[in-house]
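Inspection log for the structure reproduced underneath, given as structure tokens.
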Number of protein chains: 2
Amino acid sequence: MKKYNFNAGPCMLPREVIENTANQILDFNGSGLSLAEISHRAKDFQPVVDETVALVKEVLDVPEGYSVIFLGGGASLQFCMAPMNFLKKKAGYVNTGVWAKKAMKEAKLFGEVVEVASSAADNFTYIPKNYNIPTDIDYLHITSNNTIYGTEMHKDLDAPVRMIGDMSSDIFSRPVDVAKYDCIYAGAQKNLSMAGVTIVIVKDEALGKVDRPLPTMLDYRTHVSKGSMFNTPPVVPIYTAMENLRWVKANGGVEAMAKIAKQRADMLYGEIDRNKLFRGTVKEEDRSYMNICFVMNDEYTELQQEFFDFATSKGMVGIKGHRDVGGFRASCYNAQTIEGVQALIDAMKEFEAKH
Amino acid sequence: MKKYNFNAGPCMLPREVIENTANQILDFNGSGLSLAEISHRAKDFQPVVDETVALVKEVLDVPEGYSVIFLGGGASLQFCMAPMNFLKKKAGYVNTGVWAKKAMKEAKLFGEVVEVASSAADNFTYIPKNYNIPTDIDYLHITSNNTIYGTEMHKDLDAPVRMIGDMSSDIFSRPVDVAKYDCIYAGAQKNLSMAGVTIVIVKDEALGKVDRPLPTMLDYRTHVSKGSMFNTPPVVPIYTAMENLRWVKANGGVEAMAKIAKQRADMLYGEIDRNKLFRGTVKEEDRSYMNICFVMNDEYTELQQEFFDFATSKGMVGIKGHRDVGGFRASCYNAQTIEGVQALIDAMKEFEAKH
């Protein structure tokens, strides 16, 4: 039976990216060695890093004066690395859920943290708007997409200060005005690669402004100056990122990704709104295109497990909602197909007809 | 032409480990999904983590009271994480080369660092012995194998204090008396897996003794308490580690690995000592079984490039010495075959016969 992968992350990747990675693991560039066995200093691997950096810059239209680096440790490590490198006295954070709160917690180790806005009182079912942003903060930190609740900032904020963005779950799904940010970071395992690498885009001239001593590996300048080769980088995850960015570019870049993302989301939210069994959980204008959350309508809550089993029997994988929201979550990252979304919609319709 | 992989790391892995990884990337456990696409919370992946932990404990005979965790960032990140978590006032470091020096540099951010011994004056061509170890230090840090210079501590030190060991390049190549250590860490890309995961073995009761505030991701307790699942771990590199540990176990465990390592090393050092063109660079008793370094004998130095080209033409890969030592380095990690070592010896003999 055909499986439709709606995992929230690690998640679906384009099949050709998967197959090319597997092939290179068997034999890298016809060298007779595996991609997993080559030195990161090998002359065949430097072009992989170079192309991946170039593709990130091209696909996201990164302005001059920014560096792209690849690190281990996940976005969670960036929750402390970003303030270590950028927080002088005071930073502002927009609290849009668990990941934003975790980022705030780490920042408090390095300075004063102002929660400039929060949707906590409504269980993060919307993106705060119309709040004051202090102008005496070193940066404003935002989480552009919130996987757990299914909310998303569909365009970059107009802030009177520099921004730092955790874009782990919607990077490469839409154009970003990188010039507004001193730092953008993202764990790879949504729209970029397999788990094991984190991409960081930093504005070079914003680095080196803090007084605290920084451990070498936690200083972005270390990795910028060595082109992500200060120590052994995660070779295979970087290779897969390159393949995935080639796929994004070949399929029209982030403008095309954004268009298809909206198409998928419109289809699925349309069915959620139409189908009497289900309802969305997020304020309409803030609905994520990446993580589409829905629950059973009040009079049908007892059907939740039955729908889960039914959808599973139709090939859906990973649609269980996060425990903080309940119900269902269909993650639709770049590699998600219209066919997959339609299969889920068909299952929802068929289940409705049964009840 | 058959290639013989002598890369210093990332390095040769057993062919079945490579092939199984590639197959699981195409279809994980017959699920129809790629290993690169599954959630780390998937019920199929938890057994991978559990088995990998169990194999580490079994293969290294880890005593009760220790935890095994998998982190990102490489051993270089451990250079700061280890002192952050264990250095209260003063630590001792044995300086056996570049990696030990890097570890010392990071430790100095967190307390007093005593260099208890050093072979720097002789370009790290031996492992220091018969030095005093202060008893008022929080730990003694050692680098068990030094990839650049080809030196190795073939057995665990008898120290009057707790130890921390960077075993990045010889872990799983010999039995280790884990009970002597509060912490053992190792980047995976020698004897464990592809690059992208770092293994840390920590003594549980040694944790939590420092006063400084620790960023969540840099606190070993975070990862111990969540079984390496606090955030998304590097799924594919962990899978490959499991496959490799299965291979180590099936091939006789670390006792057998140590025996074959010595056999390979005896063969190659024997030829280095016999062959008039070459000489070893390391004091005999400290010669590494993992990284076998040699240079042209004084009267033949002009033949260096010619031998490199000749060996390359015979299929040798990665035998160029590190720039700090020059000459040649043949890395012989667990997956290295007797056939590979013999091929290099044959090339050395043939080259000698030509001159």
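Glycine too: its Cβ is placed from the backbone N, Cα and C atoms.
All TrEMBL annotations are machine predictions without curation.
Positions annotated as domain 'Aminotransferase class V' by TrEMBL: B:4-344.
Per TrEMBL, the feature L-glutamate binding site maps to B:ARG41. Same-chain residues at least 6 positions away in sequence with a Cβ under 8 Å from that of B:ARG41 (L-glutamate binding site) are, in sequence order, B:MET229. The DSSP secondary structure for B:ARG41 (L-glutamate binding site) is coil.
Applying an 8 A CB threshold to same-chain residues 6+ apart, the list for B:TRP99 (pyridoxal 5'-phosphate binding site) reads B:ALA75, B:THR143, B:ASN146, B:THR147, B:ILE148, B:ASP166, B:SER168. Per TrEMBL, pyridoxal 5'-phosphate binding site is recorded for B:ALA75, B:SER76, B:TRP99, B:THR147, B:ASP166, B:GLN189, B:ASN231, B:THR232.
The number of other Cβ atoms within 10 Å of the Cβ belonging to B:LYS190 (N6-(pyridoxal phosphate)lysine), over all protein chains shown, comes to 31. Among the features that TrEMBL reports, N6-(pyridoxal phosphate)lysine is placed at B:LYS190.
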Q. Using a Cβ-Cβ cut-off below 8 Å, which of the binding-site residues B:ARG41, B:SER76, B:TRP99, B:ASN231, B:THR232 are near chain A?
A. B:SER76, B:ASN231, B:THR232
**Q.** Local Cβ density at B:ASP166 (pyridoxal 5'-phosphate binding site) - other Cβ atoms counted within 10 Å
**A.** 28
Q) If you average the pLDDT over the domain 'Aminotransferase class V' (B:4-344), what number do you get? A) 97
Q) Within 10 Å of the Cβ of B:GLN189 (pyridoxal 5'-phosphate binding site), how many other Cβ atoms are there? A) 31
Q. How many whole Å apart are the CA atoms of B:THR232 (pyridoxal 5'-phosphate binding site) and B:LYS190 (N6-(pyridoxal phosphate)lysine)?
A. 23
Q. Which chain-mates of B:ASN231 (pyridoxal 5'-phosphate binding site) that are at least 6 residues away have a CB under 8 A from its CB, listed by sequence?
A. B:MET217
